[in-house]
Amino acid sequence: MSRRERKQEREDGRKQARQAAKDGRKADRKLARQEKRAHRRGRRRRDLALAWTTIKGRRGGFAAAFIAVLFGSAVICACGILLESAQSSGVPTERYNGAALVVGARQDLPVEGDINPRFAERATLPADRVGAIAGVPGVTAAIPDTSVALTVVTDNGAAGAPDGGPALGHGWGSAPLGPFTTTQGRAPTGPDDVVLDTALADRAGAGVGSDVRLAVGSRVSTFHVTGLAALSGGGLDRQAAAFFTDDRARQLTGHPDRVAAVGVLAAPDTDLDDLADAIRAAVPELVVYADADRAEAEFLDIGQTRSALTELALAFGGSMVVVIMLVVASTLALSVRQRMRELALLRAIGATPKQVLGMIAAETTVVGVAGAVIGVIPGIALASLFQHAFTLFGAIPPDFELSYSPLPLLAAVVLCVIGARLGGWLAARRAARVKPVEALSDAAVEPPELGWLRLAFGWLLIPAGLAAAIVLPLVLPGESAAEGAASSAFLLVFAIALLGPRLLVGAVALLGPRLNRASDVSGFLATANARANSRRLAAATTPLIMGITLAAAQLFSATTADAAAQEQAEAGLRADYTITSSSSGISADVAAELRGVDGVGTVTPVVRSQAIAMFLSDDSPQYRPYAVQGVDPAGIDRTMDLGVLHGDLGQLRDDSTVALSRLAAGTLDAGIGSTVEIHLGDGTQIKPKVVALYEKGLGLGDVTLPHQVVLDHTTNHVDTSLLVSAASGADAAALGDALRAAVSGSPTLRVDDRSAFIAARGEESGDSAIGLVLNGVLLGYLAIIVVNTLVMATVSRFREFALLQLIGATREQVRAMMRGETKVIVAAAVITGSLAALPALVGTALGLTGSLVPSIPPLTYLAIVLAAALLGWSAIMVSTRIAMRPLPVEAIGGRE
């Protein structure tokens, strides 16, 4: 063998040796990882087994945490179902059931990174886009649809949709979209012909050959029924339909050059996804609806319901997640505090902090998973209750169905388990950190000091909450200040939760001598007990304080806003009479006719809608919906007082001018001469100049535009109301009779005094009613937790009660001691909770009205106080009797 070959052989040997060593190290590392994973799995199994054993032995101690998680999971699950339903639910299409696709204008404003706000009115599309859609390959027909609200006037009143609303008139050319076919008679051919759907004809008592009176707006005309039509494959559950000739239908809408939607008929073998993409490419500014989404193009309220449910579920669900995590953490803190003797013993015999934390983590995982999984069952029922309540208050349509899938249930379980783990970790930190030598002494006597980090955060949150409540309304204009003030209640509740023991010691020192006689043994024991066990009482009292604070803040913020709006509406109306419609509105030409009635001084037509305004926040565009009214500025000072602060309402001329309320101007950072971006009810964008600022926006609308500007961009192009003031020297009673005579030809119009206008403002309380429903759920959850924690805190003291009886106290003295403690706890919770809510209420009143005095109905506040007292008193005293059932000699040796 040559030298080179021997050298190569040695090199190969060294390489093989290095590779073998490398493979050996890799194998060792792999084995070590496997052993480590096996060790972790074994440790987890041991932790879970130990946790299960502990839970079985301490069912009562873990019941409170289980209940908190269970009901929290139910609420989060219900909110998740609402959120999912907002994305996927709807109602079946009816008139467009025969269309393969439906093309319409965009009904929302696209906003990057946020929920797209919906337009309040129907956005229509130019009639000339029908040809562009019809020219797309694969489209066999593009059929335009027009809609106009109408009512059939009968001898007994009026007939319309099944729900009592107006019917909709269409051109007979759109009948194939149903498809609708005549069951009797023939199609309309003349301008006075009409075809009614069979159900509407039955409600109106009409038949083929009869004449019917139809009110479009408030104008009543007579039409001849030439036929009856029915929807193939089913009936009309959400609407009623009347068909005219296409020319007559376009004329009745008032905008013959625009259509509501375009139904697309396609060849039988056409791929609808490809066809939809082709139509989007041909008319990119429009929206193509397919399958179940066609109902969103047909029914305007479906898209609005989806948007409202999304906002509601996210806002309320997010708040509830925070509240639930805080409550679960507080409950687990009390549970861990009651086990300090056991945990102290574990530390004293050598358990490491990591092992203690691992054990508690396993326990909270078991409790959290069990409570969260079981909680989704009542969560499904709660979502159904939400649906019925929202339907009752008109927030969602009665036929809007909820969607159910595993996703909301899984989200509720995950969030609740995370909350339980986090709460358990926070509660167990001290038990895990304490030195073994100090552990047993700490378990016997509750340590009075709080951690410096907890104290620091608690004391920092108090000025932060006060600043949000009081300072924001002083330095920040607009609604944002009031909203920030309302949220300050959460900051103060967090501060109370962190500083609870300190605050409770102060409350006991202040209230104890006043509520309990110091010379009385029971009173002395009650005060001493409360002072010595401030941590335990703070953990038990926090949910009660939270309930009082949030109840007062939420309810009285709403009453403050409602009272301000009602006061502004009453002060802002100067008209002697108001004219309203019981059906689809007031025709725009009625105002001009009434100006010629004897005794009439001024007639101001008012059309109400909603607008979306854009403003910048940190250089980022934000959008906010506002109530908008269109008025005729001529003589408006005789019918309406907006409380003008700056500028002149007389300068309202066209879509280049606008008047804003003080609050809206503050939010939009606008003043006299500023230009603001506004999207009208149908999405039309205008950029008017601000010509006036006024005060009474809450009662009369935050945005005021010229009458015709708003009217032209509403769905039905009719007035909401007419405000009439008498001429100087005219007899008001005679004027009322003259007005009733003038509108007698329009059966849908009603003449009322000024109180009807103010009362109508009170009927616009759907959002307030929804707020009450949601607050009721929140307060109901907190009430359950209050009883839960107070019972747990009291029943766990059976050894203390037994010891007191063994050293000579009577059972009545022990109960008297607990009555004394209950007085202090309830009084401290009521006072602390009320004080925590007060800054938020003052800030809300200051931001909305400039006043420091919120509207607090005394009876409502008394109900909150009595409910808190009843919950606290009954929970503590009933559980005291339960804890004292065993004989003292038996109870003193019982397990914790």
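Placement of Cβ uses the backbone N, Cα and C atoms for every residue, glycine included.
Remember, TrEMBL labels are computer predictions, not curated facts.
Annotated compositional bias 'Basic and acidic residues' per TrEMBL: 1-35, in sequence order.
Residues or ranges marked as domain 'MacB-like periplasmic core' in TrEMBL: 65-281 (among others).
Averaged across the domain 'ABC3 transporter permease C-terminal' (315-436), the predicted model reaches a pLDDT of 81. Per TrEMBL, domain 'ABC3 transporter permease C-terminal' is recorded for 315-436 (among others).
For 544-741 (among others), the entry in TrEMBL reads domain 'MacB-like periplasmic core'.
Taken from TrEMBL, the feature domain 'ABC3 transporter permease C-terminal' applies to 777-885 (among others).
Per TrEMBL, the feature region 'Disordered' maps to 1-43.
Among residues of the same chain six or more beyond the transmembrane segment (62-83), those with a C-beta under 8 A of the stretch's C-beta atoms are 55, 309-310, 312-314, 316-317, 320-321, 324, 327-328, 331-332, 334-335, 363-364, 367-368, 370-380, 382-383, 385-386, 402-404, 407-409, 411-413, 415-416, 419-420, 777, 781, 784-785, 788-789, 791-792. Annotation source TrEMBL lists transmembrane segment at 62-83 (among others).
Per TrEMBL, the feature transmembrane segment maps to 312-336 (among others). Listed by sequence, the residues of this chain that lie at least six past the ends of the transmembrane segment (312-336) yet keep a Cβ under 8 A from its Cβ atoms are 61-62, 64-65, 68-69, 72, 75-76, 79-80, 82-83, 86, 115, 343, 360, 364, 415-416, 419-420, 422-424, 426-428, 431, 490, 493-494, 497, 536, 539-540, 542-543, 546, 550, 770, 774, 778, 781-782, 785, 788-789, 792-793.
Taken from TrEMBL, the feature transmembrane segment covers 356-386 (among others).
Summarising the annotation, TrEMBL assigns transmembrane segment to 406-428 (among others).
Per TrEMBL, transmembrane segment is recorded for 456-476 (among others).
Under the heading transmembrane segment, TrEMBL lists 488-511 (among others). Same-chain neighbours of the transmembrane segment (488-511): 319, 322, 326, 330, 448, 450, 454-455, 457-459, 461-462, 464-466, 468-469, 527, 530-531, 534-535, 537-539, 541-542, 545-546, 549-550, 553, 823-824, 827-828, 831-832, 836-837, 839-840, 843, counting only residues six or more beyond its ends whose CB sits under 8 Å from a CB of the stretch.
Beyond the transmembrane segment (537-556), the same-chain residues lying 6 or more positions past its ends with a Cβ under 8 Å from any Cβ of the stretch are 323, 326-327, 330-331, 333-334, 337, 486, 489, 492-493, 496-497, 500-501, 503-504, 530, 771-772, 775, 778-779, 782-783, 785-786, 788-790, 792-793, 821, 825-826, 828-830, 832-834, 836-838, 840-841, 854-857, 860-861, 864-865, 868, 871-872. According to TrEMBL, the feature transmembrane segment maps to 537-556 (among others).
Under the heading transmembrane segment, TrEMBL lists 769-791 (among others).
Per TrEMBL, transmembrane segment is recorded for 824-847 (among others).
According to TrEMBL, the transmembrane segment annotation covers 859-878 (among others). Nonlocal intrachain contacts for the transmembrane segment (859-878), taken as residues 6+ away from its ends with a CB within less than 8 angstroms of a stretch CB, comprise 544, 547-548, 551-552, 555-556, 559, 783, 786-787, 790-791, 794, 815, 818-819, 821-822, 825-826, 829-830, 833.
Tertiary neighbourhood of the transmembrane segment (456-476): same-chain residues 482, 484-485, 487-489, 491-492, 494-495, 498-499, 502, 666, 836, 839-840, 842-844, 846-847, selected by CB-CB distance under 8 Å and a gap of 6+ residues from either end.
Sequence-distant neighbours of the transmembrane segment (769-791) (same chain, 6+ residues past either end, Cβ-Cβ under 8 Å): 64, 67-68, 71-72, 75, 312, 316, 319-320, 323-324, 327, 330-331, 334, 382, 386, 389-390, 393, 395, 539-540, 542-544, 546-547, 550-551, 554-555, 558, 867-868, 871-872, 874-876, 878-879. For the domain 'ABC3 transporter permease C-terminal' (315-436), the number of residues in each DSSP class (helix H, G, I; strand E, B; coil) is 102 helix, 0 strand, 20 coil.
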